[in-house]
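Feature annotations, reproduced from TrEMBL:
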| type | residues | note |
| --- | --- | --- |
| TRANSMEM | 72-91 | transmembrane segment |
| TRANSMEM | 97-116 | transmembrane segment |
| TRANSMEM | 128-146 | transmembrane segment |
| TRANSMEM | 158-183 | transmembrane segment |
| TRANSMEM | 195-222 | transmembrane segment |
| TRANSMEM | 242-265 | transmembrane segment |
| TRANSMEM | 286-313 | transmembrane segment |
| TRANSMEM | 319-339 | transmembrane segment |
| TRANSMEM | 351-371 | transmembrane segment |
| TRANSMEM | 377-394 | transmembrane segment |
Amino acid sequence: MLRCPQVGEFARPSGCYAEFASSVPVAGSIYTYSYATMGELVAWMIGWDLMLEYGLASSAVSVGWSGYFQSLIGGFGLHLPAALSAAPGAIPGVQTWFNLPAFLVMLVLTALLSFGVRESARLNNVMVGLKIGVVLLFILVGVRHVQPVNWHPFTPFGYSGVFSAAALVFFAFIGFDAVTSAAEEVKRPARDLPIGIIGSLAVCAVLYVVVSAILTGIVPYQKFLGVDHPVSLALQYAGENWVAGFVDLGAILGMTTVILVMTYGQTRIVFAMSRDGLLPKKLSNVHASFGTPFIATWIVGILFGLVAAVVPLNVLTELINIGTLAAFSLISVAVIVLRKTRPDLPRAFRCPAVPIVPLLAIAFCVTLTVFLQATTWIAFLVWLAIGLVVYFTYARQRSLLN
């Protein structure tokens, strides 16, 4: 379960993001900020990291979307063939080969994004409103079924378990990074971006804490192992089957908005890197009619749709988190560097207590990486090594800076 001190630590990097977003309001998120403060090589590596982070985040949420979708249609007696219901090895004892719903939802949302940001933003706003309504419905119904005995012991695995859980749920807070990736499309970035970053963090943190408390209060935590639709499981466990159907629908809508945001954020990072010459120029071509990076959007959507279809959820989440922790650490370093190198830069929002807050954010992120599995570290380092090879054999010679 998330604890309030954990949420406070998650808030530290958001202050760093808010300062940068209001000072350097351009597309590309921390990739652009790193370019402005620490040079091209560091920017390339963090951009390479962000491509993995955002892509796997959209894949992971697509897998969760698939779980709730199958739970919803299961209530009507409809079931997909087992082979098309999950990635290989995702369900012990069941032969699964391809997560078809996860792949299809990625394709549909990729099409929506490729046809225009304004249209997808309208749909996103509607779905966010419905999602919040369903979350509040779950809270109102679920709180009546909470059994406090399920919270004892409160930390069954001690503080090492708390930090391990924090490392796993960290990617739930990637949203305020996604806010900064859209900086060029915000009308008043100096004012609106800090409000969006800190406001979204505050609202989501409160909802995460309340929902996780109710979930573990209704159902013993052991029963959530391997479950990809925990909220509807909790309501079914409590006998609230009619509400479970609404929650499944709300979860589907909510996850749809997350997939939209993650895919959008990644395409804007690819766009920024391509515009700087670090990736092929075709990836920054804007469609004449739709005004979107059409080719980049479809490459991202198809590639990570396939990842969602064939990679189990637990593998995806660990890989996302180590990339997110690395990105949050770097943005904290960048704030300290920019304060030293450009003290005269106009800042509509200033992160408080620099360098103390950024240093605490770095320490927290580095600590959490210790609790990730060794295989996660190996995969992450291999990805970074591939990034270095690509940079020195391709990107460096073609970058606009050189």
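Cβ from N, Cα, C; glycine included.
Automatic, uncurated: that is what TrEMBL annotation is.
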Can the transmembrane segment (195-222) be said to touch the transmembrane segment (242-265) if we require at least 3 CB pairs below 8 Å and skip pairs under 6 apart in sequence? no
Whether the transmembrane segment (351-371) meets the transmembrane segment (286-313): three or more C-beta pairs under 8 angstroms: no
If one takes Cβ-Cβ under 8 Å and requires six or more residues beyond its ends, the residues near the transmembrane segment (242-265) are 29, 54-55, 57-58, 61-62, 64-65, 68-69, 71-72, 75, 105-106, 109-110, 112-113, 117, 120, 123-124, 127-128, 130-131, 133-135, 137-138, 141, 174-175, 177-178, 181-182, 229, 231-232, 235-236, 297, 300-301, 304
The answer for the transmembrane segment (319-339), taking Cβ pairs under 8 Å and residues 6+ beyond its ends, is 12-13, 16-17, 19-20, 23, 30, 33-34, 36-38, 42, 46, 49-50, 52-53, 56-57, 60, 167-168, 170-171, 173-174, 177, 345, 351, 354-355, 358-359, 361-362, 365-366, 368-369, 372, 376-377, 379-380
